Amino acid sequence: MEPRNQTSVSEFLLLGFSQDSVYQPLLFGLFLSTYLVTVLGNLLIILAISSDSHLHSPMYFFLSNLSFADISFISTTVPKMLVNIQTQSKSITYAECITQMYFFMVFGGMDTFLLTVMAYDRFVAICHPLRYPVIMNPQLCGLLVLMSWFISLSYSLIQSLLMLRLSFCTNWVIPHFYCELAKALTLACSDTLVNHILLYMVTSLLGIVPFSGILFSYARIASSILRIPSANGKYKAFSTCASHLSVVSLFYGTGLGVYLSSEASSWGGMITSVMYTMVTPMLNPFIYSLRNRDIKRALQNILGRTLYVQ
């Protein structure tokens, strides 16, 4: 059989988790619950921040953007996977696959940049508290978010356009539950050198540069906290960045697990991908709400008003 090029590609096949139909209802229920909890939790964070004037500060502005990115991030993969499980189909059209790759890279990049910006915000708040309102002004906060969007959208668009020029062989099976760029590149018959160079270069930059910025910020934060004389003062200073530090650890820990997984079709690779794409966005609102009295107060006010109206 002659290899067919990209003009004849109509769909890819996503192997997913289990070939056994007995486990499909369990997987459907598990992933649907995860998705609904993630969307609801992050929507509540956005609603709490927007409705409470006390939360109109740079830290919560970045947090609301992170919640939006998390909702969008999980929405690029889980709904299609749920449809495939429900219909017992493994197909995804060529256009859907490229679109899924694009938005997965966009919102994954946004998570990376927003966590870095939030680390810088905590650095300014703890190391330069008197200058915080001047440094973290609305113009700078808006510019940082716009720059994050611009870089994420630009890289994702370039990588997606490079995918469109490739020719594919007759093997269109992607051993994953979503259209992962690296796995899709292995199916191409044409030269993918440029794609791989861009992939590894930008992955390194998006991984190393933001993470280095986070490490630098927390190194300075730790140095400032250690100089605080009272134990109570140290605890208060640390508590302001504990939630963000927990989210960063979870995000980069699961992301590193995905990157180091040599076999994405193995259960180990699948589990780390689930942790990265589903569990991390689901846990973020819980981490911030459980450790933040301002968020909890805003959520209680929202729930109180809802119950009062009913």
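Every residue number used here counts from 1 along the chain in the order it is shown.
Glycine too: its Cβ is placed from the backbone N, Cα and C atoms.
Annotations in TrEMBL come from automatic prediction, not curation.
Features as listed in TrEMBL:
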- 41-288: domain 'G-protein coupled receptors family 1 profile' (DOMAIN)
- 26-49: transmembrane segment (TRANSMEM)
- 61-82: transmembrane segment (TRANSMEM)
- 102-120: transmembrane segment (TRANSMEM)
- 140-158: transmembrane segment (TRANSMEM)
- 197-216: transmembrane segment (TRANSMEM)
- 237-260: transmembrane segment (TRANSMEM)
- 266-287: transmembrane segment (TRANSMEM)
Among 140-158, 197-216, 237-260, stretch most in contact with the transmembrane segment (61-82) (C-beta, under 8 angstroms): 140-158
Close approaches to the transmembrane segment (102-120) from elsewhere in its chain (Cβ under 8 angstroms; 6 or more beyond its ends): 59, 62-63, 65-66, 69-70, 72-73, 76-77, 144-145, 147-149, 151-153, 155-157, 159-160, 178-179, 181, 206-207, 210-211, 213-214, 217-218, 244, 247-248, 251
Per-region confidence, the domain 'G-protein coupled receptors family 1 profile' (41-288) (mean pLDDT, whole number): 87
